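Enquirer: Okay, handing you the structure first.
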Amino acid sequence: MYLICSDSPIWDRDRKLFSTCFENMVLGFGPNLVTIFMIIVLGYKMRGYQESRVTRTHILMVFLLLVPIFGACASFFNISLLIKDSLHGHISKYHHWFISCSEFVLWMIVVLFIRCDYWSLIFCNPVFCFWWIMKVLLEVSHVFTIFSSSQAIRSFTEGFSISAEFMFVIFINLVRIMSLPIEIRNFDSLEEALLPNAEASEIHINKKKIGFLGYFHTLTFKVVNPMMDLGVTRQLNFQDLIEPPTELMPSSCFSIFLKFWEAEYGKNGQNASLIKVIFHAYGWPYLRVGLLKALNDVMNFIGPLILNRLIWFLQQGSGHFDGYTLAILLGLSSIVKSFLDTQYSFNLMKLKLKMRASIMAVIYRKCLQVSIAERSKFSDGEIQTFMSIDVDRTINLCNSFHDMWSLPLQIGLALFLLYTQVKFAFLSGLIITVLLIPVNKWICTLIGKASKKMMAQKDERIKSVGELLSHIRTVKMYSWEYFMANRIMEKRAKEVEHLGTRKYLDAWCVFFWATTPTLFSLFTFGVFTLMGHPLDAATVFTCVALFNTLISPLNSFPWVINGLIDAFISTGRLSKFLSCTEYTSQLKLHSTEYEHKTIPNVEMAIVFSEADCIWSSSEDIGHNIFLKKINLDLPKGFFIVVIGEIGSGKSSLLYSVLREMCQIQGYIDFHGSLAYVSQIPWIMSGTVRDNILFGKEYNARRYGDVLKACSLDDDISLMIGGDMAYIGEKGTNLSGGQRTRIALARALYCGSDVFLLDDILSAVDAHVGSWILHKAILGPLMRPKTCVLCTHSSQAISAADMVVLMDKGSVKWAGYLDNFIESPYSTIFMENDQNSTQALEQSLSNSACSSGEINHIISPDGEYIVVSEEAHENIEIEMRKEGKVELGAYKCYMKFCSWPIVTVICISAVLMQASRNGNDMWLSFWVDTTSGTKDSAEFYLVILCIFYVINSLLTLIRAFSFSYGGLRAAIEVHSNFLKNLINAPVHFFSQNPSGRILNRLSSDLYTIDDSLPFILNILLANFFNLLGIAIVLSYVQVLFVILLLPFWYIYQKIQ
């Protein structure tokens, strides 16, 4: 600024306004460059659109062109005056050239783009409209300069140019308000609020998407008012919420994110970076939000500057007009900052919602796409942690990344403004701050290491909890509760050890963050006084305000570094999981490409040719081939039995068809669609009918045939609600045989072309197995289909069309049943054929009873009679608390922290705030004294140092007390929860899904471990800070109490 401005770079003490150079360069030239950049970028983005939101009319085009042309003419006339002054030997200052030329270029660019078909997509863009309003507001100071100028011609032309800007901003915003909602764009905007408009008179919220809203509605979130009115009358439910816009729908976010992930994965494979994908998917909207952040940061320092002028005005006792103007500007700066801060937070939250939805969906898709071998590399606890903790840490990258450039900007501006007040004395405080940065960095590095170890132990603990919940009935039966609980507590103890390390390191961070601003002010004022400069009220309180603006950046910077470290750790963990090898080929429900291209013989259902398979792609291929040189043709419509010893490769043969194994040589192809029933069937939470239909359309006759073929009729008749009875999570309230038969019924009802059944007969009784074999596998429902059954049942072998013998991962023998009977292997596997025949006869006789017992389900004409139309759920609905948080919850948490620690925390917080207010009051007393001797300055400095030492000690006590109390509460909460969990009756686990319980022990417990103490610490600090400010203001000015009470009531009612 000094290189361009020959006079004062910021403030003109004679005019009591910003200097002309500052107005032209910072408030004029800078915003002009930003506006030019925005127009060019928006024009580049919108160049592909051939239509505009607003219909072109003659009058409209006249106004659109006249305003920019008049502005360009005024700017050109200013340039002409500068040229004329130069020709007459007058030296024009550089800042006049900068502002005039930039205005002319800006108006010419507006004229050029206003003639494009997509002009409204540029100039009616909400970001652009908002910025132009801010640009006009920044010209307010220049308006006062124009009116006070003695150069009439220059004042007239500059005033005309500002008037053109004012008219243009009014015009484009009127166009936005009157425009109809036309969805012709693909990019995000500030106007697309999360909640749409509604009928406030009816206090009803209609579910409809948000269209083209007025700018005022966007700024004030007026569309939320109907829902707030409804929330006053009763507790809001999910149905009261409004459907979000398309851009926030998970399906839309997922499709966009998946496209970029697949491109990154295809380019870098196992080294794919999640951060790059996030940048490519959401980089531009994220940078656009950064503009609001930059404006908000700048507005942080407008208040202290105006406060400086206001205090100086009060000291000088100037005219009332100046005081009123400064007071109004001080209020307006706070209002504008509030709008900017709210819009930044809202748009950043929208972006974080998109990221969360897309990353969660991609993780869920990956769980379904990876093979069993790849999936086994990650425990259930790790995947739970991915979705409950790592995703949150990753999306917090949005805050941390903007803060990384924002905080240095705020610190730099604050230091520059401090220099304007106390000259080079601020360097003493800066040196102390710089010396503390390596300390904070070292602490943050240790915190990152402790966090990584803590997350690893958390994965192990959640894995153990998942094992406990999965086998809770077995654990209860054998009274192993305390053994399992001790295992979990051991892992929790290791986790708490690293959590404690992190907590106490955080305490040191809090100590340095809280004491740095106080230390900064102590050294700055001390050096400034010792340099011989007197302290006045304007300097002191402006510097105090600037010190307060430094508190947040200095306090947040280590947290930002820590947040970035956590985010990078979590993105690395997620990238590793998302980079797992997926299926080598895609299974299709109705595959026709293999019919004539890959499978040589169209009569074959499955073909193996020289196929070698391993379980994991990371294994040593030469030594870990499990399926070796498989050559096998399985014909269509055949019942094929796969036999062999345990571990011979029967199940692996089916997995190779499903692409669950890694195929390294040869090929494996199939014809049509597949249905697979595993040894351990998967049952989802829902009714019996839901598990069988599995999304298919309900057909009563086919449904009844399937139930009869799978021998489920007797079981359904005994269930409360029949086939609408609710099955617990993973089928916990069903027997193993019932789960197998439901899974088989699901496959039969689906009607696939090829059935792969993995030893399903071993899970049912002999007579039920005979019924399933002859009525389901060999029955009419599967007669035209191909069925591959892995089994040890000689009864199934007797009924097979083809037999495949596996041995040590290879096909030892394959052929038709007649050939198998003649082979030497038949004596091994069919020696109990006579017994199987007798069992068959017995099962058939039992089946007669079974068919007679299901008359109440199957009517004489064969139609299925629905037992119940309503689902009988035994899952307990999750309890939801309404209203305010009960006082007992706070008491319970404080009890976990221990009352002595709570007392120490409160007393230290009160005394810390008292010492801080005493420090400020001592500064005020120092300024009011008339003595300026060196001895008196040293005396005041000594007292100031005493206040600083007391404040630092109390800060240290509060920080470590809070860490110890939070750690103690975390231990007590987990211990009590686990104790109640293992002592809960069995039906508790049937009524509460394991996912709900795991959430309590993962994300909810993480909140108690980490987030709750952090938030409570901030709440306590802000509460006592506000209380201290209120007490000081009430002491200084009693009228403040009269203003405080109504404002307290208004804010309390709004909140």
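In case you wondered, yes, glycine gets a Cβ from its N, Cα and C as well.
Source: prediction; values computed, not measured.
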Enquirer: Can you say which of 287-311, 537-561 is given as transmembrane segment in TrEMBL?
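Expert: Comparing 287-311, 537-561 with TrEMBL, transmembrane segment matches 537-561.
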Enquirer: So which residues does the transmembrane segment (95-114) touch in its own chain, when a touch means Cβ under 8 Å and the partner is 6 or more beyond its ends?
Expert: 4-5, 20-21, 24-25, 28-29, 32-33, 35-36, 39-40, 43, 64-65, 68-69, 71-72, 74-76, 78-79, 82, 122-123, 161, 164, 168
Enquirer: Out of 25-46, 401-419, 508-531, 939-960, 1023-1051, which stretch touches the transmembrane segment (425-448) the most, going by CB pairs under 8 Å?
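Expert: Going through each listed stretch, the top one turns out to be 508-531.
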Enquirer: Using Cβ atoms and a strict cutoff of less than 8 Å, what residues sit near the transmembrane segment (1023-1051) while being 6 or more residues removed from its termini?
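Expert: For the transmembrane segment (1023-1051), the nonlocal Cβ contacts are 909-910, 912-914, 916-917, 920-921.
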Enquirer: How does the model score the domain 'ABC transporter' (609-833) in terms of mean pLDDT?
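Expert: Mean pLDDT for the domain 'ABC transporter' (609-833): 85.
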Enquirer: Would you confirm whether the transmembrane segment (939-960) and the transmembrane segment (508-531) meet the contact rule of 3 or more C-beta pairs below 8 angstroms, pairs 6 or more apart in sequence?
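Expert: Yes, these stretches are in contact.
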